[in-house]
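Report on the following structure.
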Amino acid sequence: MSFVCGISGELTEDPVVSQVSGHIFDRRLIVKFIAENGTDPISHGELSEDQLVSLKSGGTGSAPRNVSGTSIPSLLKMLQDEWDTVMLNSFSLRQQLQIARQELSHSLYQHDAACRVISRLSKELTAAREALSTLKPHTSAKVDDDVSIDESEDQQGLSEAILAKLEEKSKSLTAERKQRGKNLPEGLAKTEELAELKQTASHTGIHSTGTPGITALDIKGNLSLTGGIDKTVVLYDYEKEQVMQTFKGHNKKINAVVLHPDNITAISASADSHIRVWSATDSSSKAIIDVHQAPVTDISLNASGDYILSASDDSYWAFSDIRSGKSLCKVSVEPGSQIAVHSIEFHPDGLIFGTGAADAVVKIWDLKNQTVAAAFPGHTAAVRSIAFSENGYYLATGSEDGEVKLWDLRKLKNLKTFANEEKQPINSLSFDMTGTFLGIGGQKVQVLHVKSWSEVVSLSDHSGPVTGVRFGENARSLVTCSLDKSLRVFSF
């Protein structure tokens with residue numbers, strides 16, 4: 001029977017077995033290995049010559065002859081010894097190579113893990129710095145049982161000059177509104193005409209096609225201002241089908257946009273908790289209003305064109321100067337509670353405004369005193385959108401469960417309720433400039449005749465939730481946007 005040596009891989013002349021590892025070796029090679037290392041070459045346990053057991057096979061044989069150092073057999077013996085040395089060295093090198101490979105693999109894994117940790121820590125550090133930059137020291141002063149005003153160092157309060165400016169603008173707007181209310185515009189769309197509304201244009205390349213869709217809309221004339229999940233704000237001429245300007249700077253989705261009457265200034269509110277004021281002439285950010293500590297959900301421009309209201313998930317509303325970028329006051333809708341404010345809108349006269357919140361309550365606020373003037377608790381789900389009629393008498397509110405309510409601000413009561421069968425959130429509400437029609441954006445687009453509170457037309461052209469609805473001049477067209485990435489124009 002022949003045995004193979006565990007060191008050389010050749011047939012053994014004098015096979016022995018190691019009591020430590022159980023492997024078979026040629027006695028000549030293993031004795032030399034023990035003399036040099038004192039261990040078993042396979043298990044690396046301590047090994048002596050006494051622990052080697054000879055293996056014998058059946059049959060007879062003669063012992064090898066002794067050779068002298070001057071004969072050819074002697075030379076062959078020397079060559080054999082050299083071969084043995086090479087085999088031992090080769091075996092040792094193979095073991096060292098295997099160990100080196102294992103150590104290298106371990107080091108590479110450690111390096112990869114270290115790189116991942118460094119990358120994660122860098123991201124966390126960047127996020128922490130951004131969060132720190134948004135924090136502002138503030139103290140809260142209790143004003144009354146209904147409201148808490150945040151008196152931060154950056155908030156100047158409503159000065160006498162600001163209040164005088166707002167009151168003067170309110171008086172002029174009230175006089176103009178009374179004059180307009182005597183006669184409706186000759187070109188105002190009729191109910192039967194609006195019933196024939198059809199899609200005349202669909203624009204799908206305004207925002208990123210890879211990140212649907214459009215979340216906010218405002219229009220002035222033939223210009224639309226839209227905000228999207230792609231974090232950008234776009235000024236678009238939908239008649240010429242031309243992008244006029246793209247504004248980039250927010251790092252989260254856009255929740256609300258306002259196009260200033262000057263058609264040059266654009267304002268956007270984002271889930272990154274910032275409000276940005278943009279210049280359409282060079283796409284630059286003229287001011288960043290950093291007053292909230294949570295996503296800004298809605299904004300509304302004062303009729304003076306200089307101030308803006310903002311609502312946030314941090315349970316506060318704020319009044320800010322868009323020229324300086326400074327917050328003038330910041331008020332909690334419910335002191336001691338974290339109630340997200342989903343919607344906010346100025347009354348046409350600019351001295352009162354409404355908020356809709358997650359507690360399903362609509363509140364009317366007096367801006368001068370920052371106090372609640374009235375509360376409407378009729379909804380059963382969070383109020384997602386609100387809109388004042390241009391005549392100043394009515395307020396429309398839409399909730400998460402698909403209900404639209406019309407409130408009389410003179411009698412402080414609910415006049416009408418319109419319930420959608422789909423029970424889907426009402427994302428947008430908008431009156432036309434005369435207050436005759438109300439546009440609703442939910443799972444589809446709907447137009448109601450306010451006086452009769454009846455549906456004039458229902459449009460299901462969008463394939464996703466409708467996030468913005470605006471009437472064109474004299475209600476002769478309707479512009480809408482949706483999470484399906486499209487801006488659509490309807491006319492008759």
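Cβ atoms here come from the backbone N, Cα and C positions, even for glycine.
Lifted from Swiss-Prot, the feature list:
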type	residues	note
DOMAIN	1-72	domain 'U-box'
REPEAT	207-246	repeat 'WD 1'
REPEAT	249-288	repeat 'WD 2'
REPEAT	291-330	repeat 'WD 3'
REPEAT	336-375	repeat 'WD 4'
REPEAT	378-417	repeat 'WD 5'
REPEAT	461-491	repeat 'WD 6'
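Beyond the ends of the repeat 'WD 5' (378-417), by six or more residues, the same chain brings 174, 177, 181, 340, 342-349, 354-362, 364, 423-435, 438, 440-442, 448, 450, 453 to within a C-beta distance below 8 angstroms of the stretch.
In the repeat 'WD 1' (207-246), helix, strand and coil residues by DSSP number 0 helix, 24 strand, 16 coil.
Here the listed stretches are 207-246, 291-330, 336-375, and the one with the most C-beta pairs under 8 angstroms to the repeat 'WD 6' (461-491) is 207-246.
Using the rule of three or more Cβ pairs under 8 Å, pairs at least 6 apart in sequence, the repeat 'WD 3' (291-330) is in contact with the repeat 'WD 4' (336-375). The repeat 'WD 5' (378-417): residue composition by secondary structure is 0 helix, 23 strand, 17 coil, according to DSSP.
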